[in-house]
Amino acid sequence: MPSEGRCWETLQALRSCDKGRLCYDRDWLLRGEDVLQECMSLPKLSSYSGWVVDHVLPHIQKNAPPSETSASSVSTSALDQPSSVPRSPLRNPAYSPVSSATSNGTKDKYESPHTEPVVLQSPRGMKVEGCIRMYELVHRMKGAEGLRQWQEEQEKKVRALSEMASEQLKRFDERKELKHHKEFQDLREVMEKSSREALGQQEKLKAEHRHRAKILNLKLREAEQQRLKQEEQERLRKEEGQARLRGLYALQEEVLHLSQQLDASDQHRDLLQVDLSAFRTRGNQLCSLVSGIIRATSENGFPTVEDQAAAEGALQEMRDLLSNLHQEIRRACEEKRRRDEEEARIKQQESQMQQRPEAHKELPVPNQGPGAKPNEDLQMKVQDSTMQWYQQLQEASSRCVLAFEGLSNSKDSQAKKIKMDLQKAATIPVSQISTIAGSKLKEIFDKIHSLLSGKPVQSGGRSVSVTLNPQGLDFVQYKLAEKFVKQGEEEVASHHEAAFPIAVVASGIWELHPRVGALILAHLHKKCPYSVPFYPAFKEGMALEDYQRMLGYQVKDSKVEQQDNFLKRMSGMIRLYAAIIQLRWPYGNRQETHPHGLNHGWRWLAQILNMEPLSDVTATLLFDFLEVCGNALMKQYQVQFWKMILLIKEDYFPRIEAITSSGQMGSFIRLKQFLEKCLQHREVPVPKGFLTASFWRS
């Protein structure tokens, strides 16, 4: 409101006036009589008046104008009036003892043209005023002294703090410098260490470089020497090959010349009335053989020693053939001469008979000639004991199948799962058999042995055991034997070296679990009857497909497999059988004999030589069997073995050759060359892939 604003203005004006600036003692009533006594007493000078006269009045006189002198006298007369107590000049800071000192220096700055008049109070008031002024002065002096001391202390503290900060800064700088120096030293040490390491590494690299350079130079020299040696060997090989090639051409020329002599002997056929076609046929075969060797040689480069030996064998046979032909011609000539003599004698007798009609005519009986021999054929049937053994194995296999028929034909899902797990546990380890390492082969053997022993094994992330089903053991034994034979039929047929690791595991399992071995033989005889050896006979009323299956052929959709594939499978199974009979598990009991050892291999070889050979089959199986097992049989039977080899060469080869067509001569020639090489070196080589002692340490 407007009135409220004016009220504040009034109060502000009163506060700014002289009375508004006066100091009032609110406690004057407490003093009571002292105040009244002071007012009633006569004025007298205070003991401090001298100080006032000395310090205050001179300043007033200097500053007051002349016109104000009378006013001062008037004011002194008013000292007795207690009602008029003006403000003491000592209250003014300009006239205080402390401010007097400062006013001298700043006189012009604080000097005022108008000075208030000094009114003297009563002596007691002056005393009080002087005490107050004295106290104030002392207080100010003490305050100034305290302030000075405080300032000095603060300055000392500031100096101390400054010195301490300076010292700390120095220490900090020293520590920082020390840290930098230490870091520099560490860095220098690291650099020196790195430099030393780099120098050491450089020296090491230089040494390695020198060593490698030395090795490289040695290798280069060795390579150069090897190259020169290879060049020399290649030159010698070429020279030998060219010499053998020239020899082959000379052999071919001689064979052709002998063949022409065989053809020239055809003129004796009508004259002597003998059949010489067999000699010509065999001569043509030998010419074709030599021509084939030379043709193969021209494709492959130079002839080998085996090629030369085969050609020389053909030449020798051609010479023997021509010699036999000449002997046959001589015998025929002798026979013709004797017949002519006999005819002449008969004619003479007839002429004599004509002269004597009573004599009876005698008709001559033709002679068979000295070269005629009775036909002695080998047997086609297996021995009774072997056949009985074969039938016993097949019956045991059939009984095993019947034993797990419930598990095999079960419709229960749990039983099917158990059957599948058992089959995987039995067959997968056999599929993993390889020549990687002996330790790996031992792990596979231990897993199969544990499974057959009833212990749980891990298969497909699950624990499997034959104890899960009463028929589990029969099922596992049958499937395991079947898988071993299947590996021979497939894996060994493709990779001949695989026969040995599979055979050694099968032999070890056979030794610990004889029933598995019997089932292996049963499966082997069923798929490859020649492993008995057994040539199934065709029975009346038997379907042709069934007979072909009995012979070992695979028949699918009335289609019989190719002969090459059939021979390949038979070869794989015979190789597996030949490896089994000579190998034993190295970690087994050496005190016991082999469950199916080399004596069975000798029996097989003897029995197959006592049977009529089959075209292409007998030669293939004999070669595979002897290549795998020949070295072991040679060490076991020694002289008897070499007699057997000579028997094959001299007596059995002609029988195989007689039934082998020209398109099936490959297996026969391969067998013949193998045996001739063995006879030439008097040793059967160790088969490729045979497991040595170092394999079992891997």
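A Cβ is built for glycine as well, from the same backbone N, Cα and C atoms used for every other residue.
The stretch that Swiss-Prot tags with region 'Interaction with NUPL2', taken from the ranges 269-311, 527-569, 570-612, 656-698, is 656-698.
Range annotated as region 'Mediates the shuttling between the nucleus and the cytoplasm' by Swiss-Prot, chosen from 124-163, 404-443, 444-483: 444-483. If you look at the region 'Interaction with NUPL2' (656-698), the same-chain residues 6 or more away from its ends with a CB under 8 A from one of its CBs are 285, 288-289, 306, 309-310, 313, 435, 437-439, 496-501, 504, 567, 583, 586, 613-616, 618-620, 622-623, 626-628, 630-631, 633-634, 642, 645-646, 648-649. A Cβ distance under 8 Å defines the sequence-distant neighbours of the region 'Mediates the shuttling between the nucleus and the cytoplasm' (444-483), meaning residues of its chain 6+ beyond its ends; these are 397, 400-401, 403-404, 406-408, 415, 418-419, 421-433, 505, 508-509, 512-513, 515-517, 519-520, 522-523, 585, 587. Predicted-model confidence for the region 'Interaction with NUP155' (1-29) is 70, expressed as mean pLDDT. Break the region 'Interaction with NUPL2' (656-698) down by DSSP state and the numbers are 28 helix, 0 strand, 15 coil.
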